[in-house]
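Database features (Swiss-Prot):
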type	residues	note
COMPBIAS	559-581	compositional bias 'Acidic residues'
COMPBIAS	611-620	compositional bias 'Basic residues'
MOD_RES	Lys138	N6-acetyllysine
MOD_RES	Ser570	phosphoserine
MOD_RES	Ser586	phosphoserine
MOD_RES	Ser589	phosphoserine
MOD_RES	Ser591	phosphoserine
MOD_RES	Ser601	phosphoserine
MOD_RES	Ser604	phosphoserine
MOD_RES	Ser611	phosphoserine
REPEAT	277-290	repeat '1-1'
REPEAT	294-307	repeat '1-2'
REPEAT	313-326	repeat '1-3'
REPEAT	332-345	repeat '1-4'
REPEAT	349-362	repeat '2-1'
REPEAT	366-379	repeat '2-2'
REPEAT	380-393	repeat '2-3'
REPEAT	394-407	repeat '2-4'
SIGNAL	1-29	signal peptide
TOPO_DOM	502-620	topological domain 'Cytoplasmic'
TRANSMEM	481-501	transmembrane segment
Amino acid sequence: MSSPWSTVISMHFQSFWLCLGLLFISVNAEFMDDDVEMEDFDENSEEIDVNEGELPSEINYKTPQPMGEVYFTETFDSGRLAGWVLSKAKKDDTDAEISIYDGRWEIEELKENRVPGDRGLVLKSRAKHHAIAAVLAKPFIFADKPLIVQYEVNFQDGIDCGGAYIKLLADTDGLNLENFYDKTSYTIMFGPDKCGEDYKLHFIFRHKHPKTGVFEEKHAKPPDVDLKKFFTDRKTHLYTLVMNPDDTFEVLIDQVVVNQGSLLEDVVPPINPPKEIEDPSDKKPDEWDERAKIPDPSAVKPEDWDESEPAQIEDLSVVKPDGWLDDEPKFIPDPNAEKPDDWNEDMDGEWEAPRISNPACRIGCGEWSPPMIDNPKYKGVWRPPMIDNPNYQGIWSPRKIPNPDYFEDDHPFLLTSFRALGLELWSMTSNIYFDNFIICSEKETADRWAADGWGVKILVANANEPGIFKQLMAAAEERPWLWLIYFVTAGLPIALIASFCWPRKVKKKYEDSEYKKTDICKPQTKGALEQEVKEKKAALEKPVDLEEEKKQSDGETVEKEEEAEPEEKSEEEIEIIEGQEEGNKSNKSGSEDEMKEADESTGSGDGPVKSVRKRRVRKE
């Protein structure tokens, strides 16, 4: 049978491991994106293994080479901007000082976690307009092949306000990259953008109205994940856009789907306009009654309705208190105040002492007036009750007419073709890093390109990742409430161990009645022994209530078992008493008073005394 202590300890350990497990799960949940679903890659696609600890001793970086058909690639590893054109345009409706696209671009390695031989395009200027573009190897025509656009971004200094998105410039006759500016016609705009605490991942495409020929921007729904860490962790992230001929799209960050949907259903405003619209020439008739309730015209004000009674009146039952001083002011100048020595009446005006409460106004000062109370006769202005309007016609709205510009586009994937890629950006933060652009139609080609470029960067970054302690500290700096989790996680096992090693002492009830084997044998006289034997016999003859004994503490139960030892001990004590009587025959002449004194004493007596074990029986 297990002891109570072992049961308690077992329960403590179960509670400890349960709490520790819950805390561990809550902490780890902060480092995971709960809403992100990992993409199921094709079996033939190459997976990017970025597990820590698998980094080879030396990184032999090689410039990625495209496999398969591509429309555009750029790695910047050559160190030259061959094929790229800097804009010389000016923004419209802007001051001349800031209208010029004079932002500086450089080709550099990463500031942190650099890979030898790998370079990227870096935006170097703050608070300036930047514009640079390059022509594709061949225009992309939306037909029966998917569109895949992929590139890398690293906000090396974080980001306050600025973007890192790209524009796919429409294939128009007047396209001139030297005149590339914010109003240049584009087909798709894609990439991260941030200002203040608004973190965005744009996917915007321009859809042409088939009847009017007017282009309208369509914005994809925002991602369901928190984008903040992609702007703040200063790591290189891979952004991918996939548009399929079946009018679906996917947006990925670091090969993980963060947004997906239909071009027909998941964009704002919708692709297809409504079939009917409100008639702009329709007007509400003058007699149209929109009142749901009206005053009852048949209601009459009661004759006894008095509108002249005020809402409150003076309480006439209150009288002015004795000692009220009508002529005394409530505040008086402070008699102890003195004009400052540096007070200049020409500059500061006439000096006046500060005012204090009048000490004479203990009961009250000034003009006395009785307090105001609610007037029981007050009824206010009479108004007729409201009833349903029999002429109510409802809220008027213009009639619907067929939409003259209605159309139905069942295949919005067929957008305007594009033939150039451009970056047209304004940023308040410099050192934004771009690398490894690719435009293709096969996901396997884009995945292999990512493995050869971005995958190597991730291997290096993971190898340089700080230890778990530094990661926990960094996480706590970003989320201060994690300090409480750390404290509880570290303090809980210490508290449990302390409670096991130094348990709280429980005071025993009836400690005086507990049998102790270490009790010292005390000599007793005949009278004391006789009295004790009588008490023991009376206790043994008394019935024991088992139900009450079960309610006592464990220590008390053990005590009762010892007290319930049968008559064997009582007979031994009787024999001791008889021996005591034989030894005391020579002292029969002792007086009764002396015997009482001997009975009350614990160690004195005329006759020889034999030591016996003293037992006490608790009296109920």
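Glycine residues also receive a Cβ, built from the backbone N, Cα and C atoms like all the rest.
The repeat '1-2' (294-307) shares the most Cβ pairs under 8 Å with 366-379, out of the stretches 313-326, 366-379, 394-407.
Across all of the repeat '2-2' (366-379), the predicted model scores a mean pLDDT of 91. Applying DSSP to the repeat '1-3' (313-326) sorts its residues as follows: 0 helix, 3 strand, 11 coil. Taking pairs at least six residues apart, the repeat '2-2' (366-379) and the repeat '1-3' (313-326) share three or more Cβ pairs below 8 Å and count as touching. Sorting the repeat '1-4' (332-345) by DSSP state (H, G, I as helix; E, B as strand; all else coil) yields 1 helix, 2 strand, 11 coil.
DSSP assigns the residue listed as 'N6-acetyllysine' to a strand segment in the three-state reduction.
Here the repeat '2-4' (394-407) has Cβ contacts under 8 Å with residues 209-212, 272-280, 282, 284-285, 288, 290 of the same chain, all six or more residues outside its ends. Using a Cβ-Cβ cut-off under 8 Å and counting only residues 6 or more beyond its ends in the same chain, the repeat '1-3' (313-326) has close neighbours at 360-373, 375. Helix first, then strand, then coil: DSSP counts for the repeat '2-2' (366-379) stand at 0 helix, 3 strand, 11 coil. When the repeat '2-3' (380-393) is classified with DSSP, helix, strand and coil residues number 0 helix, 3 strand, 11 coil.
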